[in-house]
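Student: Once you've had a glance at the structure underneath, I'll fire off some questions.
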Amino acid sequence: MTVLGALALDEGCQTVTGTLALSVFTAVLGSLEFGYNIGVINAPQKIIEGDYNATWMYRYGEPIPTGTLTSLWSLSVAIFSIGGMLSSFCVGFVCASFRRKAMLINNLFAFIGGSLMGMSKLCRSFEMMILGRFVIGAYCGLASGLTPMYVGEIAPTSLRGALGTLHQLAIVTGILFAQVLGLESLLGSEHLWPVLLGLTVVPTVLQMALLPFCPESPRFLYIVRCQEHHAKSGLRRLTGRQEVGDMLAEMKEEKRRMDMERKVSIPELFRSSLYRQPIIIAILLQLSQQLSGINAIFYYSTSIFMKAGVQSPVYATIGAGVVNCAFTVVSLFLVERTGRRTLHMLGLGGMCICAVIMTVALALLDSVPWMSYISMLSIFGFVAFFEVGPGPIPWFFVAELFSQGPRPAAMAVAGFSNWTANFIIGMCFQYVADLCGPYVFLIFAALLLFFLIFTFFRVPETRGKTFDQIAANFHQHSAGGMMDMDMSIGMGMDIDKPSTEMDYLGEDTMN
């Protein structure tokens, strides 16, 4: 709540009401749980593998074969992403049907998944552990789409980017909590690791208790359900104003445009010239997050720090988590000042440079011992630049690119792209790292350079724009095709069109 108050002061005294603060806080509890389940299984890996072996001994009277243990552990880790991939593709249907209630329904997955993981040791069942990871992955897949969509729809235009960044802040905070609680001196011990995994139900209980006090998205009520009275009531609660005619007029215009369009399905996003450009941008933004190499850092951070000669790699990993959180807060206060596009490019460029430095440092580590410090600093820098742009921005940026009609389908496609890339990195990085050695991060450097170039030429700035303005500009350019759009961007011949790629969606007047 304090962060929200500081944001309000920083953004020109835009009022953050108690209802808005409560609603955003409640929504991002799902993001906190998402982050917690990303990081919770890493620290107690050896202890959980020991329990897998004990279960095998209990059943079959012999130690578990090494290959079988490796396969079971890989499945325990990877099935989380599989659950997320499958459920993220259902975001469009779920949120179109239930919206805020979908968060309540989704919490059932968290209860089931947390209970299965927490009881797996007592029941001597690694199958329960694996199934629990799948179910909790399904929960996180839905949460990764529902949360930024809900926050984006209830946030004032001037705070939409900053409040949208809270989704990522909650994720990285959850990861940090998991890293700290996973220390063997706390809950990452032989007897307490089931408690560590079962704690995932705590944010669920809190969210279920608070959600009944949060209003439904006024945009959803008015544009989708045609409930003007309830939409007005929600706007008044969220803004603290009795007169909400200006905001309702914006939604009326968006509804008028949507009523002229057919219902948008996922295939239609790719077939229609109105949506093809923004959905390609949405997908590549999600890929720029996952293919940046950040998850390779966090999945294998302990081993990377060990190779870098760090004496206490577990604590260095926690240090990276602290950097993660700190620079997400920095992004909170910058996103409405400098813009989404600028921050995203800054993050991509900084990560690219850090990846090259990291490669050089790791390659020279054996011959130049002090390179261990350079490699550690480059890892911290890599993480910091990630949270400046590629970490938080893709989550809410996608929701900004689409009007109310196509938004659920677009979020489903974007979420599926994100989870699929996450799964690929998790499964393939170790094999590629073994093949390429310290030069593996040059692959990520090349990808980061590509995403930087794409962002510069193709990604618009949405700061200070309403959803209707953003969608209208895409519609304006769709008739002329990509070539006409490129010409208008480059030459600035039409006063109604942006004069540079920096002002693709209109001149930003919030400087």
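All residue numbers here begin at 1 and follow the chain in the order shown.
Positions of Cβ are set from backbone N, Cα and C atoms, glycine also.
All TrEMBL annotations are machine predictions without curation.
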Student: With TrEMBL as the source, identify the stretch among 279-302, 375-398 annotated transmembrane segment.
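Tutor: In TrEMBL, residues 279-302 carry the label transmembrane segment.
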Student: Who are the chain neighbours of the transmembrane segment (72-96) in space, where the CB to CB distance is under 8 Å and they lie at least 6 residues beyond its ends?
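Tutor: Beyond its ends, the transmembrane segment (72-96) has Cβ neighbours at 37-38, 41, 45, 48-49, 52, 64, 102, 105-106, 109, 126, 129-130, 133-142, 144-146, 149, 224, 266, 408-409, 411-412, 415-416, 418-420, 422-423, 426-427.
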Student: Which sequence positions outside the transmembrane segment (103-122), separated from its termini by at least 6 residues, show Cβ-Cβ distances below 8 Å to it?
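Tutor: Tertiary neighbours of the transmembrane segment (103-122) are 27, 30, 33, 51, 87, 94, 128-129, 131-139, 142-143, 146-147, 150, 193-195, 197-201, 203-204, 207-208, 211.
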Student: Hey, which bits of the same chain come close to the transmembrane segment (342-364), Cβ under 8 Å, at least six residues off its ends?
Tutor: 285, 288, 292-294, 307-308, 331, 334-335, 371-372, 374-375, 378-379, 381-382, 384-391, 393-394, 397, 437-442, 444-445, 448-449, 451-452, 455-456, 459, 461
Student: Near the transmembrane segment (409-433), which residues from the same chain, at least 6 beyond its ends, have a CB less than 8 A from one of its CBs?
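Tutor: Tertiary neighbours of the transmembrane segment (409-433) are 74, 77-78, 81-82, 84-85, 88-93, 95, 141, 144-145, 148-149, 264-266, 268-269, 275, 278-279, 282-283, 285-287, 289-291, 293, 295-296, 299-300, 394, 398-399, 401-402, 440, 443.
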